[in-house]
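K.L.:
Below, the features straight out of TrEMBL:
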- 458-561: domain 'FAD-binding FR-type' (DOMAIN)
- 510, 527, 536, 537, 578: FAD binding site (BINDING)
């Protein structure tokens, strides 16, 4: 007869011990499980309801795991950890989800994945060893950030990241993460990006160790179906880092992270434990010393099995939770029963990257076409599929396709010949063909007053906060006084500046596109979106009039000059509209400037349209401005556009390519930019007329138009 399973002083009310495969656990692992069940009973399970109801990060529950040594579960004993294997890891994750809190188990699973990533390459890194030795003592929770806003569930394809060598010891890094568990709440992060020397090959990946105060994250917007409290959300990491932050050598990020699936929270146990035993066999029970051989790939050869593990686990828990709801009838929908929370938690697994829909396709192709058909980074064309599709076309369609392909070839040949040697060498300004221009002229106005430039591109200038106010629930406007009331900013319209603050002895940098015109004498106006986590965001929230912040500029961006264009198109999204606002103000306040402007502006809702009243007034009084709003949530009787900016919208409102001097400037996130690029290409707009704000803009253009196409420059006239 099976031993009774206890829940405190009483017998456990759920499945008994006879349903647990105890024979796969060692005595030490059985003790770990028993201790964890008791911690779940006393601390974690009571906290689960609170965290779910209040959307709170389960920090107390994670601290409780640290107190019994589970943050260092995989860490070798010589570094102060428990040195456990895959089977134990899977047992802990399942036990935590089953007896404690599924949301906490998700956070813990991502922590375990991050720890494993460090362990692969800890042998020669003093920084990593020091961190691993402190996990339980200092209660340091880690997480993984592999996702990308452009490529979504294909988390191995970080198109929105950028890394370059600054010198032999320093790299400059930009990482956009579309979805990260514990965003802004984890103490450290393993982030995947392209390698510093990736050369256009997105399979050349690297991982980096990043700390909490180096992350900008926003999780307050997440209040919907799915897990509550695991604080999933987008994040941004940008800055310069010592090369010792790289985990392993360049290119190592591609190799061996598929084993993270073994720690899936709600696993289908038999399949998961079978895979854990296979991994334990391949790795000699997590003998991390094997990874001193950089070519050792114990997990990579099992990747299709591990993908199936995730698929089956997510499918299983979704099916089980649905069945439980059906069994309970209407009572199951009551929050007090607790099933509603578990049902939401269960659905999160299906869409977590790689989503089950992506896995289904990968496994199906693997079975039908063989492993060589799996092309994670879109490097190899499927000629069989190309020929199959061509057979569907009639002669005229084939001629049309041939014509389009020849035009593409010619465009790339011209682009390769016209490529300026400076272009794409400036990390922050990939379109630039030279360093940013500086407006260092002293301007003399009609009243005889001389106006000198305030900012410098190579030194920091302290500016005093004049005023600040909220412009929406999530955004604030800040007006900083220039050193003299007569000063101009020293920038051209469209350029951005840098702000620097020092917090706890560490410098933090952030770039801003001013909304004020460069010749708004005596002040510079900025708008900032407040993030849930992020040192600069939190610092600006605390600023009061009279406080000082260091500024530098111009640092780059689009360089607008009057009457160099016949038409300027601005495609903007959310808070990204700020450079567009400055450009509109600069053009429309100059009666001599004949440039026509079209602003196509997406906002989540009507109330979040920034500078709406001012833009509306311009549109009513100025024939030079055409203003088009499109809303994610439109109010009743709304007669504007609805939804994201798409091909039909651009075709309706943007002048077709017709030989005029036309520049299209995008101000938004990577997803918006990629979507608009596909639309622009389908409508015949050339790559050479498209400028995108952001460090990854040129890579996005090449991803849509071709690797060698001619890029726009940072100037109106495209002169290199």
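Numbers here mean position along the shown chain, with the first residue as 1.
Every residue gets a Cβ built from N, Cα and C, even glycine.
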K.L.:
Under the DSSP assignment, what numbers of helix, strand and coil residues are found in the domain 'FAD-binding FR-type' (458-561)?
P.N.:
8 helix, 56 strand, 40 coil
K.L.:
Taking the center of the Cβ atoms of 510, 527, 536, 537, 578 at the recorded FAD site, which other residues in this chain have a Cβ no more than 8 Å from that point?
P.N.:
499, 512, 526, 528, 529, 540
K.L.:
Non-local Cβ contacts of residue 578 (FAD binding site) (under 8 Å, 6 or more apart, same chain)?
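P.N.:
Within the chain, residue 578 (FAD binding site) has Cβ neighbours under 8 Å at 512, 513, 514, 515, 526, 527, 610, 667.
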K.L.:
Per the record, FAD is bound by 510, 527, 536, 537, 578: how many Å separate the farthest pair of Cα atoms?
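P.N.:
Pairwise Cα check on 510, 527, 536, 537, 578 gives a maximum of 18 Å.
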K.L.:
How many neighbouring Cβ atoms, not counting its own, are there within 10 Å of the Cβ of residue 510 (FAD binding site)?
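P.N.:
Its Cβ shell of radius 10 Å holds 21 other Cβ atoms.
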K.L.:
Which of the three DSSP states, helix, strand or coil, fits residue 578 (FAD binding site)?
P.N.:
helix
K.L.:
When you measure from the Cβ of residue 536 (FAD binding site), which residues in the chain that are at least 6 apart have a Cβ under 8 Å away?
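P.N.:
When sequence neighbours closer than 6 are ignored, residue 536 (FAD binding site) has 216, 499, 501, 508, 509, 510, 528 within Cβ distance under 8 Å.
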K.L.:
If you count Cβ atoms within 10 Å of the Cβ of residue 527 (FAD binding site), leaving out that atom itself, what do you get?
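P.N.:
Its Cβ shell of radius 10 Å holds 20 other Cβ atoms.
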K.L.:
For a quick check of packing: other C-beta atoms within 10 Å of the C-beta of residue 537 (FAD binding site), how many?
P.N.:
19
